[in-house]
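Asker: This is the structure I want to talk about, given as structure tokens.
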């Protein structure tokens, strides 16, 4: 025996000695920049005692002489024949060796260098190498946002966590980018991360369209290391409660002869966890693969919720009947889904929420079968392991399910052998079945079925590897269960076939793209290898083993998934105390780690998950493991037909000198091709059939728009006439007429009740709908902070006021343990007893408001509660406030309580409602909300600008008149505000001007919805920054101003990107075609903003390229879709329009040349330069003709000067411009001249006297003068004419700092900043100003000492009583500016400029309050909506559109509202038109202030803007204002309509105002008042007697002629006149007529006798005087009668300059008795007493 073993050993040694020595080279197939690369080197078959030395390094294959990494030496021998080395490509080496220039097929070569290769192996070179894929990807970046969903205009807070390849914190520089829903990059920031955590925020532009935004981050030097997170942007409000639909089974089994009964549960719970009581309305439908929805008729159900739940059953018979109506059978359902929609109306407040179930599939089996872990390669003669995963249709593992396998083994020349095996799945739904494989196998066919009697079936065919190979290696796994971290995995290695002779198996373990371990194991009959699974091997790894047989490697591999467990470190969040908390309470949050770590925290309202898409989930460990596994280079479960295939599939690169793996082409694995069967289900539904007639998406959209109803009456023909695209008009008209005929048939059938509601519901579902909106006014997230935690820490947190469930997230970052995401902690915040209060956005003084707080009692006891409104100044309340109502609130129910309130003071009043329980049950709650109370009438603004020049003696004293507007409301207590500055540059461009917190956008009182208006966020701030940079004056402003300026610019950049098209052009509205003018405007500004916004130069180059496409053959530019129809931005006519546009684009293209820095853009740059030259020729030709108007001449001169056009062209343009200049004193400006349409504007010269205010010029004059100033500065620098033009421009600025509109403001600030840069001086000059006035509070004086280095004057102190003269004295040696702003409310609009523009607003509809103040909702029962299963329920229990209206309006993003009986709904009609002789400068805006307490239905406004027959370009809602944008105002009357809803009852509603104005010339406007519908409850009295009495406390009381109670008093009239209140006037007047003025009544009278006067020195008999009284007061003076009126002087004057008088509680009003009455015996004495008073008071007055 000993001899036999010796022979065998000698034989094997002899065989080994005959094998060829070689060097094996292993590496991951991808090299990552800056990341260690594990490299395996091994000697194979070298003679005993052989030592081999060498080195490995990386190099560029095309530049062999430059290494890309440092060299690493190795020494190998026959005894130590392998080594695992580490290489790295540093960034500096990657650049020096040229790797960053490898744009196509970036490869790097792994090289082993050893003299042994040439000396011992007779190679031609001492180099052996292999090509690897090069990637700049490295490390891990994880991103986190504070919410999964945001409203437009909301702030997004986010974090970036940086880790290296080993999941340890990385301090590096990263680049963060934000993309909007169109995929356009709107923000880019590069930051260094010293703590490995970066936190930042940004604001989503409020004009953003709904969609998914993305934040991505990468290491700045690693372009491929990109990581991202997404969040949803849409308009939403948080749900009050959440609805869930849970099917009884997660599938519906449909096989021939079998159909499951369909059962489901509906659950509704408030966000704070309590069940909802109410009614569920459920509908069913079908969803196909494309998400197309069709509803079943007749399957609707309505049922009560009991304890927040309801059970619904749908029988097989009912369902089949519904299918037959669609001409479908059960066999047609495969692959479709049953759609379920549930609408829940909760009983206490009638609020509605909805839910959908879209994942209920019709299936042929209740299981799915996954064979992806089964290898696609087999080893002949070794067991083949079938690995299957069985899941239920819900996605959860199916345990204990029988799996049957039929394995057919085919071998050449023999009958196929069939093996039938059955095994049940384990607890994780998996099964591992070994199949015996003969050595002669050619093919293995597997048929696998799971479950019974309706199994899931899968088939798999595995071909045997080619025969004649060197043998096979089998890797067998005794335990097929996935190991956990900390387990030891045992594997068996066995060589199969070919009698292989070798001494050792070599094996490697690869994880996360690296070789983490390399070893060898001596060959035995059954060789076992143990692998310890640590954190480095999670979440998966490849085990690769091989040996050599002769000159051929034999290999196999196995992918091992590690059970996803916790993170490497530890982070646990926990809270002390109860499961339930109260709002405002403190809670202790415990943070526990196992090492020093940074812990990032965040808390959000779980209602956000209900409001947003289910796909946007917070960061968790599953996502972390997924990111870690993304570095895995292996593809598939392992194995291969050859060793090279095995290595490649495991992600290895290999070379032994004779054979090698091919270089990898991409990071990802090749994807399997999948096909999806398409179904064409024949849905027999009228509208769907109609839609199906149109093939193109555009035509279908037009058809859908035609089907949609408008909120106003229009015929289909009228609507179609507004559709601009001809190819859209036909389908729109056809579908509109078709839908109208369907509606008519439906009306003719007289459908009513629920069935009619269902018809409309189904019709509404044809329309593309937004997601369901819901309500909230509370913080949606908090606790956004990072804490340093050393193993344990306790934080004390104070919970917000929301009643909801908060979810607290935590993520830790440790230097030793890496990243860990904790399991979130949920905090339920709830009060068993609480109240809910709604308030309107605003009300006006003396309107009447009904508060209806709702009390919720979730206790199991009835509560007697005391409710009151706390007293507050400015509100009339019952009992003066504090008077409580006693209310019984039964257990588990809610009850509303009514309070009437009348506001009497204009202010923001904090209104507090308090509810308290009894002594036995001391519960309570209080809610405080701010009620905004406005003054009556409409706001009117008036501005005056004065130049202060102490060097001119005529301007050293000024008198600012105090004249008041006769329309001003009589008791407004208004002020004049004065602003003084000695530094116009810093005042206009500093922290109080362009760099103020809101930027210039806050300085213009204009909306900002369209593309051009958006630029106001950006352009002026750039001008200000440029001025402050050039003059080095940032230090004169607050320290944070520069950061704020950059932030403003970045916000503006984000906003304008919402209007960008894919070709680089821009449009005024998101739905419009591109505009040449707007695109040029954006190009100019963004080219200047490149440094601040970090935008892509390529994007701006695309914009320049698009502009070139708009140039005509003669050099001019065209605008296929002007931003506005205003004859090219300035009221120009004829030739001026084309010239001005060409000049404007030329200026933009010139500025855009700055972005052409890279060599690749040189050809386009040359085209741009040629285009500019061509345009200059066109401009020069037109200027030479001498026919241009002032605006075209100015912009042409500037364009030619800026682009350095030929001197002869410049000279002509300059002379033409200067010939049009107008000079008055020290002012130079350009106004209306021949050729300009603005001749219609009256000339506005400069002031004739230095003490006169500067007349305010129209926007076009400002813009023209600004272009002229820009030209002068380039043409001759800071000379006299530039001084004069800048002086005129400076004085045209408004009180806030802007000018008239967007364009003139942008250009004026651009010109002034350029001038101020040129004229900047460090010389300090002073200005002394004294202002004095005598007003309501006596004499007031201010002395100011200013200098030209100060930011601003003390304008916050400079307030003077409106109507009082202000005297100004000026001294010093510096010029300055004084601006006066007067803001007051007016009674009517009769003096507005409604000659050119006209607007009319009418309101129809009335309010019906059907709910009594003491009505309650016992046990949340909803008796008006009986359950379907109630046998006593009437057939049609629902008002026809009650459910539908709630659903439709909420579908359109409306806030929840109570049911229709509680709503106050009106219909608005807004009509506009203009004088046909007057042209507009373009876009017009109708600003409609809604009646108090109302908000417009967004659904109606969206229909006006979003359909093909667009009526309004855009709309905005700001508080009580609705802004409607019109492209133009027609000469004939055009009307639009929408509905508005008043959620909180308001009585005695006062008229509101509406204004139509020209956006580019806001002075051209028309303003009107409109009122509530007559005979409407809106005009009714809501207050209780006591509150009414309080509200009327300031009203005058009419003394009836000869009242008996007063006759007994001696001298009662004289006491009133002379003692208290001591009147200031006394007249006997005759009333001529009564007139309504906003919230007042005006009585026009004629004086018959003057008894007394103070201020009214011109009062005399037969003169006219006006008396005013509030419309809310009862006083009515009858025309034709005479009255004795005494009282206090008024603050306002009529049109003749005579005082007007307000009648109030300090007024005496007494009707004069007739002569006939005085002749009666009974009244003779009283009349004598009255006549005595008139005689005595009229002649002697008061004797005190």
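All residue numbers here begin at 1 and follow the chain in the order shown.
Glycine is treated like the rest: Cβ placed from N, Cα and C.
Remember, it's a predicted structure, so these values are computed and weren't measured experimentally.
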Asker: For the set 364, 734, 918, say which residue Swiss-Prot annotates with phosphoserine.
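Answerer: The candidate carrying the phosphoserine note in Swiss-Prot is 918.
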Asker: For which of 631, 1422, 1559, 1625 does Swiss-Prot record the feature sulfotyrosine?
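Answerer: Residue annotated sulfotyrosine in Swiss-Prot: 1422.
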Asker: Cα distance, residue 702 (disulfide bond) to residue 669 (disulfide bond), nearest Å?
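Answerer: So the alpha carbons of residue 669 (disulfide bond) and residue 702 (disulfide bond) sit roughly 43 Å from each other.
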Asker: Give me the Cα-Cα distance between residue 735 (disulfide bond) and residue 702 (disulfide bond), rounded to a whole Å.
Answerer: 8
Asker: Averaged over the whole of the domain 'NTR' (1595-1742), what is the pLDDT?
Answerer: 87
Asker: Using all protein chains shown, find which of the recorded positions 226, 862, 918, 1328 scores highest when you count other CB atoms within 10 A of its CB.
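Answerer: Top count of Cβ atoms within 10 Å goes to 1328.
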Asker: Which has the fewest other Cβ atoms within 10 Å: 735, 1595, 1618, 1673, 1742, the disulfide-bonded residues listed?
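Answerer: Per-residue Cβ counts within 10 Å for the disulfide-bonded residues 735, 1595, 1618, 1673, 1742 bottom out at 1742.
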Asker: Can you figure out which of 703, 736, 1535, 1595 (the disulfide-bonded residues) comes closest in space to residue 918 (phosphoserine), comparing Cα atoms?
Answerer: 1595
Asker: Nearest to residue 1727 (disulfide bond) by Cα distance: which of the disulfide-bonded residues 68, 702, 728, 1471, 1742 is it?
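Answerer: So, spelling it out, the nearest of the disulfide-bonded residues is 1742.
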Asker: Looking at Cβ-Cβ distances, which residues of the chain lie under 8 angstroms from residue 716 (disulfide bond) while being 6 or more apart from it?
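Answerer: Residues satisfying the criterion: 706, 733, 736, 737, 740.
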Asker: Expressed to the nearest Å, what is the distance separating residue 1588 (disulfide bond) and residue 1673 (disulfide bond) at their Cα atoms?
Answerer: 10
Asker: Got a sec? Which of these disulfide-bonded residues, 97, 728, 1727, has the most Cβ atoms within 10 Å?
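Answerer: Per the Cβ count within 10 Å, the most buried is 97.
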Asker: In whole Å, note down how far the CA of residue 703 (disulfide bond) lies from the CA of residue 728 (disulfide bond).
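Answerer: Between the alpha carbons of residue 728 (disulfide bond) and residue 703 (disulfide bond) there are 8 Å.
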Asker: Nearest to residue 68 (disulfide bond) in three-dimensional space, by Cα, is which of the disulfide-bonded residues 635, 702, 1595?
Answerer: 635
Asker: I want to verify one value. Collapsing DSSP to three states, which class is residue 703 (disulfide bond)?
Answerer: helix
Asker: Of all the disulfide-bonded residues given, namely 1471, 1535, 1618, which is spatially nearest to residue 1595 (disulfide bond) at the Cα level?
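Answerer: In terms of Cα distance, residue 1595 (disulfide bond) lies closest to 1618.
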Asker: Between the Cα atoms of residue 862 (N-linked glycosylation site) and residue 1673 (disulfide bond), what distance do you get, rounded to the nearest Å?
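Answerer: Here the two Cα atoms are 43 Å apart.
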Asker: Distance check, please: Cα of residue 635 (disulfide bond) against Cα of residue 703 (disulfide bond), rounded to an integer number of angstrom.
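Answerer: Cα to Cα, residue 635 (disulfide bond) and residue 703 (disulfide bond) are separated by 48 Å.
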